[in-house]
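Visitor: In case it's useful when we look at the structure, here is the feature table from Swiss-Prot:
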REGION    1-37  region 'E7 terminal domain'
MOTIF     24-28  motif 'LXCXE motif'
ZN_FING   47-84  zinc finger
MOTIF     65-73  motif 'Nuclear export signal'
């Protein structure tokens, strides 16, 4: 250090003046907002290939569940079990987004 020689006691006193302690135990309360967390829905479907029963849990709005139900009932969406999925994608890269 250049200038006056300082001792640890002086340094601590200087730092104490610069850093004023803040009381973190104040009586202030923050209002908490409750977030609506939709309940999960149980979906049962069958594998498109082997017809094994598949059980899924999904979280969606009531409109989303209705849309999923319509997709499943019109055969425009089908699921594969893990075994059939592995067999379908064995030795090739899965196509993405229908391409």
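Note that Cβ sites are derived from N, Cα and C of the backbone, with glycine treated the same way.
Predicted, not measured: the structure shown is a model, and the values here were computed from it.
I'd like to know what surrounds each of these features in this structure.
Guide: Outside the zinc finger (47-84) by six or more residues, the chain places 38-41 with a CB less than 8 A from a CB of the stretch.
Across the motif 'Nuclear export signal' (65-73), mean pLDDT in this model comes to 90.
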Visitor: Please spell out the DSSP helix, strand and coil residue counts for the zinc finger (47-84).
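Guide: Going by DSSP assignments, the zinc finger (47-84) contains 15 helix, 8 strand, 15 coil.
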